[in-house]
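This report refers to the structure that appears directly beneath it.
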Amino acid sequence: MAFIKKHSFKIAVLALCAAMGIYLLFTYVWKPAEPLPVLQAAPSFEMSDIDGNTVSLESTNGKVRLVYFYFANCPDVCPPTTFKLSEVQEKLREEGTLGKEVELISITFDPERDTPEAIREFAGNTFAEFDGWHFLRGEEEATIELARNFEVGVKKDEANNSYIHFNIITLVDQDGQIRQWMNGSDDEAVTPEYIVSQVNRLL
């Protein structure tokens, strides 16, 4: 008792510091991440994959999806972003969620040139594999309209037979709600690890 009386102030300070430490730990270190907001409903679509199978938004419901609009003759952003997604694919495969809980969907603006054979070549060049990853083709005008409804701006460059478009990866949840748009060209912030971490927030 004498020891406690003699050192009561020090004990009180230590107890206060311990309490503050626990508070800060739970508040800033173990604080659960805020849920991703629901931004809007993903537009419905129905297209064919490179094997002729029909794939729709509804047929993939129940899984988290990463949706990316591209074209194989893209001279700049599409190949490196697809390669980035191939790294995401590998990480999801390692985690055991690829195809079971998560799928990737790439939709071409350019179905005339992006034949199944051309898409296979593009996928091979960017290390994309077809397990848990749908490469879809539809009508050009309908696809451009679909991309815009996904808030992915796109305009056909008639002079160069090309497309000017936003380079966006869209995160869609199991219920068909858009939860995040990610800039596929931001290699510092939007890394494969970051994309997987955002996917995992929905699992």
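Positions of Cβ are set from backbone N, Cα and C atoms, glycine also.
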Regarding the disulphide bond with Cys78, report which of Cys17, Cys74 TrEMBL records as its partner. Cys74
For Cu cation, residues beyond Cys74, Cys78, His165 with C-beta within 8 angstroms of the site's Cβ centre include exactly Phe69, Tyr70, Phe71, Asp76, Val77, Thr81, Phe109, Tyr163, Asn167
Once the DSSP letters are reduced so that anything not helix or strand counts as coil, what is Cys74 (Cu cation binding site)? coil
Using a 10 Å radius around each Cβ and counting other Cβ atoms from all shown chains, which of the binding-site residues Cys74, Cys78 yields the largest count? Cys78
In sequence order, what residues of the same chain, 6+ apart, have a Cβ less than 8 Å from the Cβ of His165 (Cu cation binding site)? Phe69, Phe109, Ala147, Val152, Gly153, Val154, Lys155
